Amino acid sequence: MRLPPVRFLPSSAAPAVVAANARIAHLARAGNIEGARAAFEAMPLRTTASYNALLAGYFRNRLPDAALGLFRRMPSRDLASYNALISGLSLRRQTLPDAAAALASIPFPPSVVSFTSLLRGYVRHGLLADAIRLFQQMPERNHVSYTVLLGGLLDAGRVNEARRLFDEMPDRDVVAWTAMLSGYCQAGRITEARALFDEMPKRNVVSWTAMISGYAQNGEVNLARKLFEVMPERNEVSWTAMLVGYIQAGHVEDAAELFNAMPEHPVAACNAMMVGFGQRGMVDAAKTVFEKMRERDDGTWSAMIKAYEQNEFLMEALSTFREMLWRGVRPNYPSVISILTVCAALAVLDYGREVHAAMLRCSFDMDVFAVSALITMYIKCGNLDKAKRVFHTFEPKDIVMWNSMITGYAQHGLGEQALGIFHDMRLAGMSPDGITYIGALTACSYTGKVKEGREIFNSMTVNSSIRPGAEHYSCMVDLLGRSGLVEEAFDLIKNMPVEPDAVIWGALMGACRMHRNAEIAEVAAKKLLELEPGNAGPYVLLSHIYTSVGRWEDASKMRKFISSRNLNKSPGCSWIEYDKRVHLFTSGDVLAHPEHAAILRILEKLDGLLMESGYSADGSFVLHDIDEEQKSHSLRYHSERQAVAYGLLKIPEGMPIRVMKNLRVCGDCHSAIKLIAKITSREIVLRDANRFHHFKDGFCSCRDYWIQVSKRPFDREVHHPLQANCIWSIVLSRSWVWSGVVKLSKSSCTSLVHFVRALQPAPPEAPLPFRVELKPFDWAPAPGEVELEPKLCQTDPK
């Protein structure tokens, strides 16, 4: 666009130009930058003020490139042009050097406004040293300059320095008094704040409101209400301040009563009330306020999304966010953080990418919290590569980002890499916090690194002086328990300096099931039931443990007890995202999906292919009082298999199938999905309640370390206690068999899986998965003796 030169306007045209300039500024402030640009281009005559209005509008709407382009093409510039440029460049931290250069390049003497614009930029981005240096260099200062620096000092918590600056001010207006008053309140120095309030030569409604907010923020909501009642004048801001005070104090009922008494319901008050209702779990009440609002801002949408998110109305939060974008509302910081949390919880990768794209389109300021939320979203959606790229492209990295990556790698079964990041973080000079240690210990637990886990746990108090909490002990119990050290895990709990919670006892109980320790399981179950009397999980797990050790009568009594108490285990459900929709599947209820006929055909086809590959359903993962055919039928319709079948039906080849499950994946489905990935040549990513499983070519990223005691074919952990005199036949595939006589005492090896892992050397040409068969053999070994005579032979594939 060629810009016409600025001309002197005839007096008759001046009012029209002034009106057009005002319209440009108004449209830009309202966020309608396209309308502002159209109004500018429609002007037959323009002044420098016309260009300045659009220039400021571009910066206001986060279009710095367009602003700079316009500035360079301006036919003439005045001091206001440079001030607009400095102010706009000061909005972003990365362009502050350009703002300083613009100040230095003004061809005529800069005004106090020029200096104050850059000063405000330094303060906004926390560069207080630069702000103080610039303030001292200013040839002239006014009360605005003082007030800007005063606010910076107060925001940094440097209250005493701020008071000295306040006392030095040659002219203190009500804004400066109120800023100092608010600073005392923010620092919790409420007595000094009230003394300053009483000293004020003149108070306005803002001063009164600041004092009311200060009382409320410091837990003195009753004093805030008393001051509110004696205010000489109230406006919507003061009403809203009192309302927010009640909400911050958790007095939602009082807030609702005040809200209903308000003469008007401004947007800010409605937003605050929605936040309060959301915090109390009153989602319908928040929605009612939202729907009655005639006018909404970005905070309105953010409050509604947050209310949905924190009360687990996740799909509603997602649809509300999309409606917000559709209506042209720019997402603000809280709404982006909330919706990224929702995408992570639902593991909806396409929606997450959409949010990320919206952030880029809006030139969203990417701070460490936004970046950490993005990393967590990609990790929980199963896209570790994208999370890694986001992590490596952002500097500086803070502890939250490092923790996200350590935990993410651990959840994906990449314990070595997680521990590598843990060590890289320390080499970078970053000190681990409690969450870091949880991630590192989780990585050790998921990969069976007992020695490393002990070292990390012990280093907490020795090197970092962090006292282990219940979460850290839970990780250690899980690590020891998974590794067969159930008694040591139990001893750790008994000697803990903190009270064990349900998570710790649950970890011990899971280890008891894994290693068939009914005695300790009974203790853990009792403790769990004391902490969570309405939870059916301990009863169900104890019933399985009784069954696994042959205590059929106890198992039957436990199931009857569960039925008599009407205790229900959380139903298993899985979901998969396809075509921007989330498809939900419930175990045993395949007919609920509109495409159930096609899903059933896929399941039946998979069943046949699995049987041809030697798969046999492991009925230990379903009820024990039904026959084997019923068990096989039940396992076939587990929710994760339905979701995988739907993925095979819909997700194009070459793309991973991503499935989420609310509970832990059952061992039989884990084995079946490994084979499904192999026979279909597809990559399947399954996120269950504990971790990620990446299935590819018949293997899982968890290396089957996660599996609870299982019993039979295809590399499920078979934790039959080894008999001293037996022959093991290790079936490595349909055509490779490794047979050997095993001579050992019971104490030599506690489980078959430990024995299988110890087999060396493994034949390189023998593929996995393997199957293990046990055959009795009458031979008595010497105490502690272990002998293996391996023999590898190829058999007829038929």
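Cβ atoms are placed via backbone N, Cα and C, with glycine included.
DSSP labels the residues of the repeat 'PPR' (47-81) in these numbers: 26 helix, 0 strand, 9 coil. Taken from TrEMBL, the feature repeat 'PPR' covers 47-81 (among others).
Residues annotated as repeat 'PPR' in TrEMBL: 111-145 (among others). Within the same chain, residues 79, 82-83, 86-87, 89-91, 93, 96, 99-100, 103, 151-153, 155-156, 158, 169, 171-173, 175-176 sit at least 6 positions outside the repeat 'PPR' (111-145) and bring their C-beta atoms closer than 8 Å to a C-beta of that stretch.
The average pLDDT computed for the repeat 'PPR' (173-207) is 92. Residues annotated as repeat 'PPR' in TrEMBL: 173-207 (among others).
Among the features that TrEMBL reports, repeat 'PPR' is placed at 235-269 (among others). Through the fold, the repeat 'PPR' (235-269) approaches residues 205-206, 208-209, 212-213, 215-217, 219, 221, 224-225, 228, 275-277, 279-280, 282, 285, 293, 295-297, 299-300 of its own chain, all at least 6 residues removed from its boundaries and within a Cβ separation under 8 Å.
Taking H, G and I as helix, E and B as strand and the rest as coil, DSSP gives the repeat 'PPR' (297-331) the counts 26 helix, 0 strand, 9 coil. The repeat 'PPR' annotation in TrEMBL covers 297-331 (among others).
Remote same-chain partners of the repeat 'PPR' (398-432), defined as residues 6 or more beyond its termini with a Cβ less than 8 Å from a stretch Cβ, comprise 368-369, 371-372, 375-376, 379-380, 382, 384, 387-388, 391, 438-440, 442-444, 446-447, 449, 452, 456, 464, 466, 691-694, 700-703. According to TrEMBL, the feature repeat 'PPR' maps to 398-432 (among others).
Residues annotated as domain 'DYW' in TrEMBL: 614-706.
If one looks beyond the repeat 'PPR' (173-207) by at least 6 residues along the same chain, the residues whose Cβ comes under 8 Å of a Cβ in the stretch are 143, 146-147, 150-151, 153-154, 157, 159, 162-163, 166, 213-215, 217-218, 220, 231, 233-235, 237-238. Cβ atoms under 8 Å from those of the repeat 'PPR' (297-331) belong to residues 31, 267-268, 270-272, 274-275, 277-279, 281, 283, 286-287, 290, 338-339, 341-343, 345-346, 348, 351, 355, 358-359, 362, 364, 582 of the same chain, restricted to positions at least 6 beyond its ends.
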